[in-house]
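Taken verbatim from TrEMBL:
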type	residues	note
SIGNAL	1-23	signal peptide
DOMAIN	26-71	domain 'P-type'
DISULFID	40-55	disulfide bond
DISULFID	50-67	disulfide bond
DOMAIN	77-120	domain 'P-type'
DISULFID	79-105	disulfide bond
DISULFID	89-104	disulfide bond
DISULFID	99-116	disulfide bond
């Protein structure tokens, strides 16, 4: 299999796994003022059905949606510090400028690992 194809498939796999892992909202994503809630369910939805749909549930405040959309996760891109966790984004001999133009990280050390590599996305 071509190296570029393997890299693209790796990125797709990482995105797919992170999407599946983010189906259930975190407690932090559900903390919001009742007036900020956006309806995510239907009349009579149970807490379990609501959460399975990837939504938040809180029935303590009458007159506002009990099943509501979570806040978006705050994420940022970082360059991996573990050189063995790098996923190649370039080609042999790529310059730092060319790599950064592609939106990737560049570190010309250590030997034997990609110097141009993809960012990692982490939640804040």
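Backbone N, Cα and C atoms are what each Cβ position is placed from, and that goes for glycine too.
Automated prediction, rather than curation, is the source of TrEMBL annotations.
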- Would you count the other CB atoms within 10 A of the CB of residue 55 (disulfide bond), including those on all shown protein chains? 23
- Tell me the Cβ neighbour count for residue 79 (disulfide bond), meaning other Cβ atoms within 10 Å of its Cβ, over all protein chains shown. 13
- Looking only at C-alpha atoms, tell me how far residue 79 (disulfide bond) is from residue 104 (disulfide bond), rounded to the nearest Å. 8
- Item | Residue from 50, 67, 89, 105, 116 whose C-alpha is spatially nearest that of residue 40 (disulfide bond), among the disulfide-bonded residues | 67
- Query: Which of the disulfide-bonded residues 50, 55, 67 has its Cα nearest to the Cα of residue 104 (disulfide bond)?
  - Reply: 55
- Task: With DSSP as the yardstick, break the domain 'P-type' (26-71) down into helix, strand and coil residue counts.
- Result: 13 helix, 5 strand, 28 coil
- Item | Confidence summary for the domain 'P-type' (26-71), mean pLDDT rounded | 93
- Task: Please report how many Å separate the Cα atom of residue 99 (disulfide bond) from that of residue 105 (disulfide bond), as a whole number.
- Result: 7
- Tell me which residues of the chain lie with their Cβ under 8 angstroms from that of residue 67 (disulfide bond), as long as they are six or more apart in sequence? 39, 40, 41, 42, 45, 47, 49, 50, 53, 55, 56, 57
- Between the Cα atoms of residue 116 (disulfide bond) and residue 89 (disulfide bond), find the distance and write it as a whole number of Å. 5
- Message: Using a 10 Å radius around its CB, how many other CB atoms surround residue 116 (disulfide bond)?
- Response: 23
